[in-house]
Amino acid sequence: MIEVDRVGRSFTVGRRRTRTTVHAVQDLSFTVEAGEFVGYLGPNGAGKSTTIKMLTGILAPTSGRIQVAGLDPARRRTALARKIGVVFGQRTTLWWDLPLKDSFELIRHLYKVDRVDFRRRLDELTGLLDLAGFMNTPVRQLSLGQRMRGDVTAALLHSPAVLVLDEPTIGLDVVSKAAMREFLRRLNADHGTTVLLTTHDLGDIEKLCRRVMLIDHGRLTFDGTLDDLRATVPEETSIEDVVARLYTDGSVSP
Amino acid sequence: MRIAGYGFRRHSAYRAAALAGAFTNTVFGILRAYVLIALWEARPGLAGYDIADAVTFCFLSQAFIGPMQLFGGGLELSGRVRTGDIAVDLVRPASLQMWSLADDLGRACYLLLLRSLPPTVVGAALFGLVTPVSPVTWVFFAASCALGMVVSFAWRYLMALSACWVVDDRGTQSLSLLMTLFFSGMVLPLNLFPGWLGSLAGALPWSAMVQVPADVYLGKRDVLEALGFQAAWAAALLALGALVTRAARHRVVIQGG
């Protein structure tokens, strides 16, 4: 479903005299099969967001080849947009001044979702994410937890085969977080939606991801199951400590 | 269409701001009208306008401030580039420029009702404005206004995207403000400008925002040539916008985590 083949992305920063090239992502290769639930971890600045932007077609890679749902993201951005759902936890896709239901209606038009399919999908998501209480509230008045549920709904209205989540639980309280995780787990299990999740909350990873990839300094440093990840640092017991060790020590051999 | 409708509704959340704008536009319209009356009394027939034409021009240009967004901005785009929220817009299955255009036309139509009608009505009551008799002129005027809005959008879209390269777009915005006010006809009718400056001002895109629709209204210009001029600038600026959007996606760091 997602194929990344020796992808690199560099940025030039600074003015003429001090110009340097920053390699945000280098020689990155991985494959995600349909129906997988993959966690994508890395310290701040490791290249996670750059990867996501390339997978969604927002940024073109400077080298290598990417295929998502059979399309080259940078070239077929709009065609790809109809096949994938994206949630940026720190941003919102909803319209600040419009009630939630109007945002959804607009998204229906943008994605050209059939009215009947849309109704069914929205009813299902409204039930699962408990949106009924604030459907008519303007987005600017929603709490973070409500807004995030609205954003996840917005990303799924067109029934995408792939869902890319960039920190979907950031800032959520324990109850909202648990509800969000349960929803994502069911989405993956019941609909077979392929999910790629980046997060700094290792609870998300432990509860949801069968497979974990770790990126550091723009390179993939680990790709395997959660148990494999634990086994890399056997003397640590909690997953947080394992990951902290991996972030500070740099590369690991899986 | 649907997006424009929602743009209209989004901006209707800010009715108080629009009405305050309408009040300001009216007051300044009256001030400017007296200045122009003084000028045309001293020099009758200047630039092919009589006093009534000049006063009408003044209130039309005041009415254009809102819909044509002559003081710049109006697009959330540059802020979204700066904060990185543009990433969200780019994962939608729609052209960023066409999408923004639809939203902006919704905004323009809303402001046309709330910010353009009041100053015009007050101006007509106080000074008695010229009104075209032929309904055909009104149709052409509406078309010219619509094209003016598109040119205005396309220009502001380019200015907003400049934020992709210059980190902070305040410099480009203030330069754009100066050029727009001066070369649109907002400060003075462009046909007052002498010689080459007049020809230059008439050929630049900004004239499509005020001078051209006002002249179509006053019947001072060949209509088809005027609409053709506006359409050509609209097409050229939108094409440039499409190119710049492409370049932005290839070259630019989208800010934020």
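Each Cβ is built from the backbone N, Cα and C atoms, and glycine gets one as well.
Just so you know, TrEMBL annotations are computer predictions that nobody has curated.
Annotated transmembrane segment per TrEMBL: B:12-40 (among others), in sequence order.
The transmembrane segment annotation in TrEMBL covers B:108-130 (among others).
Feature annotation from TrEMBL assigns transmembrane segment to B:136-155 (among others).
Sequence annotations record features per position, and here TrEMBL assigns transmembrane segment to B:175-197 (among others). Remote same-chain residues near the transmembrane segment (B:175-197) are listed as 46-49, 54, 57, 61, 64-65, 68, 70-72, 155-156, 159, 204, 206-207, 209-211, 214 (criterion: CB distance under 8 Å, separation of at least six residues from the stretch ends).
Through the fold, the transmembrane segment (B:227-245) approaches residues 95-97, 101, 140, 143-144, 147-148, 150-151, 154-155, 157-158, 161, 205, 208, 212, 216 of its own chain, all at least 6 residues removed from its boundaries and within a Cβ separation under 8 Å. If you look up TrEMBL, you'll see B:227-245 (among others) marked as transmembrane segment.
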Intrachain residues whose Cβ lies under 8 Å of the transmembrane segment (B:136-155), provided they are six or more past its termini: 64, 67-70, 75, 100-101, 104-105, 108, 112, 176, 180, 205-206, 208-210, 212-213, 216-217, 219, 223, 226-227, 230-231, 233-234, 237-238, 240-241
Chain residues in Cβ proximity to the transmembrane segment (B:108-130) (below 8 Å; excluding those fewer than six residues from its ends, i.e. six or more beyond): 4, 7-8, 11-12, 15, 18-19, 21-23, 25-26, 29-30, 33, 52-53, 55-56, 58-60, 62-69, 145, 149, 152-153, 218
